[in-house]
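Here the structure comes first, spelled out in structure tokens, and everything after it is commentary.
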Amino acid sequence: MAWGLPPLAVLLLLAVIVAPLSSAVRPVSDAHRSAATELFADGSLGDLETTYEAVSTFKILGVQKDESLDGKACKLASDTLSSSSSSSAKDLFHAARISGVLGCSIDAGVYDDVASRLKAVIKDTNSLLEFYYSVGGLLSLKEQGHSVVLSDADSIFHAIKALSQSDGRWRYDTNSAESSTFAAGIALEALAGVVSLSDAEVDPSMIGVVKNDIVKLFGTIKSYDDGTFYFDEKNVDATEYKGPITTSASVVRGFTSFANVVSGKLNIPGEKILGLAKFFLGIGLPGSAKDCFNQIKSLSLLENNRVFVPLILSLPSKVLSLTSKDQLKVEVTTVFGSAAPPLRVNLVQVLGSDSKVITTDKELQFDVDNNVHYLDIAPLKIDVGKYSLVFEISLQDPEHETVYTTGGRNTETVVVTGQIKVDKAEIGIAENDAGTSESVEKLDLLKDTKISLSANHLQKLRLSFQLATPLGHTFKPHQVFLKLKHESGVEHLFVVPGSARQFKIVLDFLGLVEKFYYLSGRYDLELSVGDASMENSFLRALGHLELDLPEPSEKAPRPPAQAVDPLAKFAPQKEISHIFRVPEKRPPKEVSLAFTGLTLLPFIGFLIGLMRLGVNLKNFPSLPGPAAFASLFHAGIGAVLLLYVLFWVKLDLFTTLKYLGFLSVFLVFVGHRALSYLSSTSTKQKTA
């Protein structure tokens, strides 16, 4: 079977195989800081909301930002807070939070005015968003040291709670028909703000009801097979749909805020808290500023919350080499990479790609200096291949079990690589009928060879070799290709089948003459063997084959047109040799000069004619005015004669006509004046 794959097919397929391993869950790192700097580099001061997201993300990550950004952000917040009543509750909310993050200097009187305006909004609204912005803005003022109290906290709490639904989700207002998971998150955050701003204890029974709503809300959480949990909207209008990242971030902000202000713990399973942490870490490097803020803000809240602090198990390297005797290393940290409390990590199960289960119970050793757990994999007798490793984490201090969540068992995928043994490689030409090899050559596939074979259409090409793992087991790589490339550039790619340890291919040229387009001549042989776990994958040139095929018939398929190199047009072009016409034979120099002199004869005749006619200057005007015009007229005629000379020597026709047009107007004017004077003088003489 021939495949039309490009020469880099092996490398591309290997990349596809290893790609899933690159999306591992890892704690927040410098890569996230760099991504945040790029995402918020431009446009971070576009509006109040994005400005808050930028300064908040930078503060959480500890990014050193431009000092001018703080000044511009504070000015934007100060202008909004100091503005007239035209500013909405949303703008005041974001402006107050910017001031809280940066510690902007705002006059106390401004805060008093903002607080009164936000309280007025709370009094007159039934919108969840208005409650959220107003309560959040007041809470931000209180966190900055300003005295803010909600005297009617119970009624506000009941007004927000009235928008809740039986499944733990919330409506945006009393007119909304559909409930929203995103709205549930902002509702919980608003309720937490009400509790914080209350001057008395909020009704404990209502607190208990909200706790039960949170449990119901977590009952709607979605999950993946790898233990990742996330929230998403259900039956929400497209204009209100927020997406899993934004929705999950809203719920995280809501339940963590509520848990921080009420007594007792929320009845949320630890594995769901850990699953949310895995979801946000699994995003990797976000592609938008909004996603970046939601990711970092949510992880910072999960890092310090009163429900459960998630501990993340991660592998610094998911590729282990048997050749290098790599150790299995495991890190257990918080989402921001902080050290975990004392714990034990056990490798309890190894599951191979062939579904073979290796049950073990090996405790990993702990390296205090590097904060990593490690294990030598040689005693496990693991061969090359892809494995799922099941780890079990247990906290050493029982008191920590109410603070941290490890998720119990964690599964990670690794690839174990090694040197594959390649031996008993042979290539030869066999007769088509008898099947006996006429010539067989041994091959060393670990280095380039230069074999030379010849065959016709009645013969076969045979190639065989064996592959074995470092432990002597059968090894079947993902790609084994034999390529034959004709000297004209036409390529043919064949998959080499394998059974047990042996890989063998037989090319019957009699049945391949049409696939080879009846092209006789030299074919270069190339063998490709590649696998993600094979450290010595190779793309080996074997030599060449001189193939003699019959002449094609008229209806035989033609070779496909070869791809043209798009850069070929920029290559040096062939030199162009111009052939000029042979110059015509010219007369001698003396003859040319003689004829030039003859051209002056008419001018000489003209001068002689003037002398015979008795031309003189007796009638030339004597008065200054007419004499000037007469002189200019004769000078103009001389200029015309000079222009004719320049036309033959230098000027082109259009330039000559342009100058002649100007001279003609000049000559008409001065000639008319000169001739008018002569005419009047002649008339006076006749009358006298």
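Numbers here mean position along the shown chain, with the first residue as 1.
Each residue, glycine too, has its Cβ placed from N, Cα and C.
Automatic prediction, not curation, is the source of TrEMBL annotations.
Owing to the predicted nature of the structure, the values given are computational and were not obtained by experimental measurement.
Residues annotated as domain 'Ribophorin II N-terminal' in TrEMBL: 29-303.
Each residue of the domain 'Ribophorin II second' (311-415) gets a DSSP state, and the totals for helix, strand and coil are 8 helix, 59 strand, 38 coil. Annotated domain 'Ribophorin II second' per TrEMBL: 311-415, in sequence order.
Residues or ranges marked as domain 'Ribophorin II third' by TrEMBL: 424-547.
Annotated domain 'Ribophorin II C-terminal' per TrEMBL: 580-679, in sequence order.
The signal peptide annotation in TrEMBL covers 1-24.
Feature annotation from TrEMBL assigns transmembrane segment to 593-615 (among others).
Same-chain residues lying 6+ beyond the ends of the transmembrane segment (627-647) with a Cβ under 8 Å from its Cβ atoms: 620-621, 653, 656, 659-660, 663, 666-667, 670-671, 673-674, 677. For 627-647 (among others), the entry in TrEMBL reads transmembrane segment.
Feature annotation from TrEMBL assigns transmembrane segment to 659-678 (among others). Beyond the transmembrane segment (659-678), the same-chain residues lying 6 or more positions past its ends with a Cβ under 8 Å from any Cβ of the stretch are 619, 621, 623, 626, 629-630, 632-633, 636-637, 639-640, 643, 651.
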(request) For the domain 'Ribophorin II second' (311-415), provide the mean pLDDT of the predicted model. (result) 91
